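These notes are about the structure you will find just below.
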Amino acid sequence: MVCSAAPLLLLATTLPLLGSPVAQASQPVSETGVRPREGLQRRQWGPLIGRDKAWNERIDRPFPACPIPLSSSFGRWPKGQTMWAQTSTLTLTEEELGQSQAGGESGSGQLLDQENGAGESALVSVYVHLDFPDKTWPPELSRTLTLPAASASSSPRPLLTGLRLTTECNVNHKGNFYCACLSGYQWNTSICLHYPPCQSLHNHQPCGCLVFSHPEPGYCQLLPPGSPVTCLPAVPGILNLNSQLQMPGDTLSLTLHLSQEATNLSWFLRHPGSPSPILLQPGTQVSVTSSHGQAALSVSNMSHHWAGEYMSCFEAQGFKWNLYEVVRVPLKATDVARLPYQLSISCATSPGFQLSCCIPSTNLAYTAAWSPGEGSKASSFNESGSQCFVLAVQRCPMADTTYACDLQSLGLAPLRVPISITIIQDGDITCPEDASVLTWNVTKAGHVAQAPCPESKRGIVRRLCGADGVWGPVHSSCTDARLLALFTRTKLLQAGQGSPAEEVPQILAQLPGQAAEASSPSDLLTLLSTMKYVAKVVAEARIQLDRRALKNLLIATDKVLDMDTRSLWTLAQARKPWAGSTLLLAVETLACSLCPQDHPFAFSLPNVLLQSQLFGPTFPADYSISFPTRPPLQAQIPRHSLAPLVRNGTEISITSLVLRKLDHLLPSNYGQGLGDSLYATPGLVLVISIMAGDRAFSQGEVIMDFGNTDGSPHCVFWDHSLFQGRGGWSKEGCQAQVASASPTAQCLCQHLTAFSVLMSPHTVPEEPALALLTQVGLGASILALLVCLGVYWLVWRVVVRNKISYFRHAALLNMVFCLLAADTCFLGAPFLSPGPRSPLCLAAAFLCHFLYLATFFWMLAQALVLAHQLLFVFHQLAKHRVLPLMVLLGYLCPLGLAGVTLGLYLPQGQYLREGECWLDGKGGALYTFVGPVLAIIGVNGLVLAMAMLKLLRPSLSEGPPAEKRQALLGVIKALLILTPIFGLTWGLGLATLLEEVSTVPHYIFTILNTLQGVFILLFGCLMDRKIQEALRKRFCRAQAPSSTISLVSCCLQILSCASKSMSEGIPWPSSEDMGTARS
């Protein structure tokens, strides 16, 4: 410190006082003949801060003048320290003060309590102000200061028992007083709150040095006395450390045991070489706990970033106390930077080479020992916070060698860092020397060459030499040193080092400059990571940003969005495809953290537009906002959606942020209902957030207009929880509303987040005619299936007189049951709440999948029975063996397929189609239904081909009896008609999954799919000759119908007679007849 004046000392004396106090002191003339200065007869003195209340009341009174010999050059009276006096009259002379070449001025006295009697003690303050010509006097005075002989005389003179220096003040060239307390003394806490501390070397003494602007700075107080043997102050606490040497990954534990009541407890860490400590607060690595008489600090996952001096600062007994412990943390292998990691070299072209290992600065002293060291020269140097050890190998080794850099520190095991050297031999495949951008030496095939980063950058540049001797691409991890330091600072802030309220604005102030200087993918990724950690700190600490801090964020965001896509973003996304999602999440979090007093706030940049408003409890109408973008963007939040948020007089802030170009930087991840298609975007992302107090709300109805659109719009939002936290577009809670009068795309969403609109040129048409056609077709199918059940009710015993007929009709009856249940479930599914979170919707989709599959598996069972009878003509089938197999095939197989599909696709969010209770056609779930169906149709086609060949053989008539042969012909006829129909239906179903298909296949598929029950009734039931004969004999009483159409007209009479027949007790087929088909 540069001083423009000589130092100044304050002197305290200590005397015991016995006897009755008096109100006036004597005024003798000094030996020099100088009388006391006039004007010092009375002076008002404040209480001694830090003592008990009774003492403060006692001394806050005027006091009488005291005769003090004065030097002609001093006339200022600073406050002093305390003393114990023996008599009521105190006179100090220059001889009693140990007269020297210094001038002095002293004053004594407080009006003692008149109630004190003889033998009582009172505390009296005596102050001495000494000026010295230079700095050599205070140390000399401290060594020679002794009690004067005159003070040992008997009463009435006082008995002076102590004389000690308390405060040393120095004045700089600006006239400021730097006053530091000497050993055993300290400024009171109330004074510390009003004056700034010195930037001095008083590291471990809290409130030990203050800066004053006036020449009467006050005085330092005597700390509470401790042990009479040590004469040290009594510290009201003990700090315990589990170990001063913490290994990497350990957990540090500091415990403070307090003997007095303490307040304002804080923990600090001073890094090696740092002038000021860092506040420690709860974070990802720091935890702070306190209980009665005890406080604890815990730091997990220790590393060299946590080495240094830990301090516990608190207030007790009117003073500030600092207790500290020094913690050492050894380095680990990942903390050491090696250059190179490996090296392949040709001794013919490079007789020597250089190796280095660099370590960060730490409070441990490290030395390096290289091995092998023959023919080499070791050295070291320091640069920008790191220490590097270099080995210059002057002779190339004859064979492959592994060099080791052994880092050693006293009391620690050596840390070995290996560097492998490969010698290129004659005949080895090598990559040639390349000096296009960086210098790449000759490298052996299969090895990685390394080069240092340019100046002011950290990292390394790598390049692989391929097995064929061709250089691969250059991979650089070079990152700007200042940006890397900012990232480390932000990460440590989240861990618990520093005050977020102070650190976050400072970090945000540096982001625009760092964004402007980012020149590599590593710079971009480090910048995005820094913004991510800042956002996490703001969210966890719930701090608010002022306008300047938010502007810095938006400026940095604008520069990041404006970075070159080809040279920076594409390469950065190749390493981390979710880099754009990281930026979006950080900006979302920070943009809504503006202080309420800074509203309203608007800010506009080429790629960033923000508007934030504050609303009181009684806002008049809907919230609406518009942005002058191309196309224009508008948003509206209805008043009824905001009303529940402003209860109890709460103010709400609504922040709307528009980001350009960001949607092109987000990964092409599409959630449920969007599939893997590529969508076009209008280039805008809208972020809306609502804050009520310190709470953020994510639910609320918002209506957005994204302007003119081409194609079919999909209203989406960016869901950060999709794809293992990497984010993706989702349609959940959003729906598109295309206005008929204008081509604009309107979106209605039930939550608040980052919105956009995706344009698909080819989408499934959402026409009312298709929905109506589906409902009508399913109704007709259900009605036809009920008619089919009624027919079997009437003619079951007639048509199952042989085993072939029994197997065929049992399979057909189970097909009817399954298809009837599936169609009913599918028809009722639209009335359920769609989405994977709806149990009823999930159940409906699972049942439809299972029942539709079961329908086709029973058709397969029917075809397999036919194939067996055609191949093994004289082999008879037993009911008790065939029926269980048919049941297993018809129900167990489709149940297994449906269960596997549910377990496989539901966790991935690709089970249900968006907005429907049916399988997703884009994610792959629908293929687990269409695939088995087409496979069964293919098997049925093979069986039919085999049956046609058998029918053409004349020997077929020599096989089974005529009745069985007729039954086989019925099976063949049904399969011959139903298989092509079902095959065509689901072939068209696959075609509808294509993006560029027209609307015609959708209509044909809907008609054929919904009328499956009608086809089964006509071609599986009514075309059977046995059934026709049974129905004619029972109801028609006429000639047999010549066609299916006439049979249908006949069946209309059947329906009218059904109630009459049932009343006559016509039996329904028993469970023995149907086997287990009813289940």
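We count from 1, first residue shown onward.
Each residue, glycine too, has its Cβ placed from N, Cα and C.
The region 'GPS' annotation in Swiss-Prot falls on one of the ranges 358-408, 562-612, 715-765, 1021-1071, namely 715-765. A843 and Y905 share a topological domain name in Swiss-Prot and therefore face the same side of the membrane. You'll find the Cα of N188 (N-linked glycosylation site) roughly 64 Å from the Cα of C747 (disulfide bond). Across 812-832, 882-902, 929-949, 1003-1023, the stretch most heavily in contact with the transmembrane segment (852-874), judged by Cβ pairs under 8 Å, is 929-949.
The Cβ of N264 (N-linked glycosylation site) lies under 8 Å from the Cβ of C313, F314, E315, each on the same chain and at least six residues away in sequence.
In sequence order, G249, T251, Q285 constitute the residues six or more apart from N301 (N-linked glycosylation site) in its chain with CB-CB distances below 8 Å. Annotation for N382 (N-linked glycosylation site): same-chain Cβ neighbours under 8 Å, separated by at least 6 residues, are C388. As a quick check, the transmembrane segment (812-832) and the transmembrane segment (1003-1023) clear the bar of 3 or more Cβ pairs under 8 A, pairs 6 or more apart, so the two touch. Of all the recorded positions listed here (N441, C734, C749), C734 has the Cα closest to the Cα of C715 (disulfide bond).
Within its own chain, N441 (N-linked glycosylation site) has I345, T349, S350, E433, A449 as residues 6 or more apart in sequence whose C-beta sits under 8 angstroms from its own. Close to C749 (disulfide bond) in the fold, though at least 6 residues off in sequence, lie E701, V702, M704, C715, F717, G733, C734, Q735, F755, each with a CB less than 8 Å from its CB.
On the 0 to 100 pLDDT scale, the domain 'GAIN-B' (599-765) averages 78 in the predicted structure.
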